[in-house]
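Data first, discussion second: the structure below is written as structure tokens.
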Ligand code: FAD
């Protein structure tokens with residue numbers, strides 16, 4: 001029998017890589033994790049965590065601005081942006097050292113370097129310009145993530161045209177920020193930097209922000225962003241970025257052919273992400289991929305059955321939690337364990353003001369799939385907790401078929417914290433009549449889900 005250096009080599013130390021490395025080692029496999037940058041991947045280093053650390057600062061600013069409403073007066077506040085960035089870095093460092101400790105305790109061999117396949121059981125790892133090593137393994141998991149997709153428009157290479165990664169690390173708040181792309185990253189960054197004091201303009205090619213979300217949610221978000229003072233142009237194709245004496249000018253055309261111009265000190269390109277397979281040498285080992293990413297089976301096996309691929313690199317939802325759950329399923333398949341994870345029911349959250357959280361089918365998708373759906377909305381202004389918090393913007397929209405919940409879409413305070421109840425109801429196929437007989441504590445925001453569900457059966 002062929003001998004290998006390791007049972008399992010994982011390429012990429014993001015959410016699709018580090019957790020499964022620990023899990024596999026706990027199951028007795030000898031595991032190496034190869035990471036070319038820092039453990040934690042995009043999520044921890046320049047994605048979920050830094051954005052949410054900055055979001056918290058923005059939230060505190062909003063609370064200060066509305067303090068008078070609560071009978072609290074103060075003269076003014078000032079923003080020490082160095083401290084904002086320092087707090088963000090500390091959060092990242094703490095989580096990074098937790099991950100490193102976890103990997104060390106599990107005896108995962110962490111190798112820093114860039115991996116590339118030389119045959120279907122061997123990778124070379126370029127540690128630096130002088131040092132290269134090789135490793136063989138019985139199984140591989142490719143979890144190399146994604147990178148920014150930049151649209152090829154004129155002026156895209158000018159200084160001041162930033163990716164989300166660049167924008168997260170700025171030393172000072174830009175006076176004017178133009179955001180190209182109104183997807184999740186675009187609207188989150190727009191919301192955060194608007195609270196920091198930037199004048200923000202969002203330009204989105206499609207007719208709605210957050211294209212994959214329920215239309216009611218997207219259009220309500222647009223209303224709230226505009227009310228907050230963010231300019232939003234949807235259905236507008238950006239054509240060019242020009243350099244001015246004082247910054248950059250972004251020009252585009254809307255569907256009626258009208259010119260739209262927005263000037264900024266910085267321009268954020270948040271026009272999507274693409275699977276990152278550069279340098280892996282997949283063609284030479286017959287691992288199939290297309291423009292969306294590496295092709296996998298339901299068990300996350302690639303066209304080479306001992307090589308699995310998970311997370312952003314397979315080009316599906318591109319969420320940190322799905323990356324991790326993909327990797328668990330891949331490991332369970334390797335070990336012949338049962339794994340019933342249902343990848344059709346995945347909650348997604350957007351950290352705007354207010355938050356958005358969504359799971360299951362949108363109304364449009366539900367209508368395409370079934371003839372007889374039921375839809376109900378419950379407004380947060382009728383919820384006691386939301387009223388007592390003075391955070392009454394938004395609603396919960398629920399969609400049912402055959403007396404069961406099939407979609408829930410929330411725009412409202414702390415939406416990300418209680419979307420999971422709807423996730424359980426959908427995933428487990430619990431009857432709405434049974435769901436509404438479960439006692440909920442009062443006063444809570446999650447009572448709103450109950451109220452929305454009640455409206456479906458009354
Ligand atoms: P990654 O996290 O991208 O990790 C891949 C790792 O592989 C990287 O560390 C990279 O250095 C390494 N690598 C690549 N090639 C090689 C190689 N050849 N050799 C060795 N190492 C290699 N998702 C959420 O669920 N919630 C959020 O709030 C959220 N916010 C986001 C905000 C922003 C600004 C961005 C950009 C993304 C956000 N995401 C969020 C998406 C989330 O970050 C990704 O879905 C997630 O990180 C994907 O995990 P992954 O393990 O597939 O890849």
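Yeah, the Cβs are placed from backbone N, Cα and C, and that goes for glycine too.
What TrEMBL annotates here:
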DOMAIN    6-325  domain 'FAD/NAD(P)-binding'
BINDING   52, 144, 145, 146, 312, 318, 319, 320, 321  FAD binding site
BINDING   181, 182, 183, 184, 185, 186, 187, 188, 204, 272  NAD(+) binding site
DOMAIN    346-452  domain 'Pyridine nucleotide-disulphide oxidoreductase dimerisation'
ACT_SITE  442  active site, proton acceptor
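Taking the features listed in TrEMBL, we show where each one sits on the structure.
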residue	record	DSSP class
52	FAD binding site	helix
145	FAD binding site	coil
181	NAD(+) binding site	coil
187	NAD(+) binding site	helix
204	NAD(+) binding site	coil
319	FAD binding site	coil
442	active site, proton acceptor	coil
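When the binding-site residues 145, 185, 204, 312 are checked against ligand 1, 145, 185, 312 have a Cβ within less than 6 Å of one of its atoms.
Ranking the binding-site residues 185, 187, 319 by C-beta neighbours within 10 Å puts 187 at the top. A 10 Å radius around the C-alpha of residue 145 (FAD binding site) takes in none of the binding-site residues listed as 181, 183, 185, 187, 204. Within the model, the domain 'Pyridine nucleotide-disulphide oxidoreductase dimerisation' (346-452) carries an average pLDDT of 97. Same-chain neighbours of the NAD(+) site beyond 181, 182, 183, 184, 185, 186, 187, 188, 204, 272, judged by a C-beta within 8 angstroms of the site's C-beta center, are, in sequence order, 179, 189, 202, 209, 210, 270.
Checked against residue 321 (FAD binding site) by C-alpha proximity, the recorded positions 183, 185, 442 yield 185 as the nearest. Considering only the binding-site residues 204, 312, the Cβ with the fewest other Cβ atoms within 10 Å is that of 204. Of the listed recorded positions 52, 321, 442, the Cβ environment within 10 Å is emptiest of other Cβ atoms at 442. In this structure, of the binding-site residues 145, 181, 183, the smallest number of CB atoms within 10 A of the CB marks 183. Taking CA atoms as the reference points, residue 52 (FAD binding site) and residue 442 (active site, proton acceptor) are 28 Å apart.
The two recorded residues residue 312 (FAD binding site) and residue 185 (NAD(+) binding site) have their Cα atoms spaced 15 Å from each other. When the Cα atoms are compared, residue 181 (NAD(+) binding site) and the residue listed as 'active site, proton acceptor' turn out to be 40 Å apart. Counting residue by residue with DSSP, the domain 'Pyridine nucleotide-disulphide oxidoreductase dimerisation' (346-452) contains 40 helix, 33 strand, 34 coil.
A Cα-Cα distance of 12 Å separates residue 319 (FAD binding site) from residue 185 (NAD(+) binding site).
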